[in-house]
């Protein structure tokens, strides 16, 4: 909208230079002021929009912190780029989505309304290949045991 505002004063200057067209200038002035008033409304709404943006500001849940912690446990001297971190975050989201979907299907097949650790475990065995599934199941079992004991 700023480029339009710059164009309008440029149009007014030639009209001001011609004294013969003062009446037409006076007639055009209110017409030009009305769009300006219209422009002020979106600016005010924009200011209100900023408040709404502040209110709508939600924290985006990512696994970046946890990926970094695991990386430092495995390789303390190695870093990770932000692009690689984004890829890892997308990868984890994708795997969790697949596990949730498979768990949901298993619960529906067995006509059960809840997804239990058993459905999750079976979904892990179905989604992840071979040795990776075995390690995931053992780590998951260990985590559930630790959670229930504390």
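Yeah, the Cβs are placed from backbone N, Cα and C, and that goes for glycine too.
Per Swiss-Prot, compositional bias 'Basic and acidic residues' is recorded for 1-35.
If you look up Swiss-Prot, you'll see 1-58 marked as region 'Disordered'.
The feature N,N,N-trimethylalanine is assigned by Swiss-Prot to 2.
Residues or ranges marked as N-methylalanine in Swiss-Prot (evidence: experimental evidence): 2.
If you look up Swiss-Prot, you'll see 2 marked as N,N-dimethylalanine, on the strength of experimental evidence.
Annotated N6-acetyllysine per Swiss-Prot: 7 (among others), in sequence order, evidence recorded as experimental evidence.
The N6-acetyllysine annotation in Swiss-Prot covers 12 (among others), and the record cites experimental evidence as its basis.
Positions annotated as N6,N6-dimethyllysine by Swiss-Prot: 13.
Per Swiss-Prot, the feature N6-acetyllysine maps to 28 (among others); the stated evidence is experimental evidence.
Under the heading N6-acetyllysine, Swiss-Prot lists 33 (among others), citing experimental evidence as support.
Among the features that Swiss-Prot reports, N6-acetyllysine is placed at 39 (among others).
Per Swiss-Prot, N6-acetyllysine is recorded for 40 (among others), and the stated evidence type is experimental evidence.
Taken from Swiss-Prot, the feature ubiquitin cross-link covers 146, and the record attributes it to similarity to another entry. Around the Cβ of residue 146 (ubiquitin cross-link), 9 further Cβ atoms fall within 10 Å across all displayed protein chains.
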Would you identify the secondary structure of residue 146 (ubiquitin cross-link) according to DSSP, in three states? helix
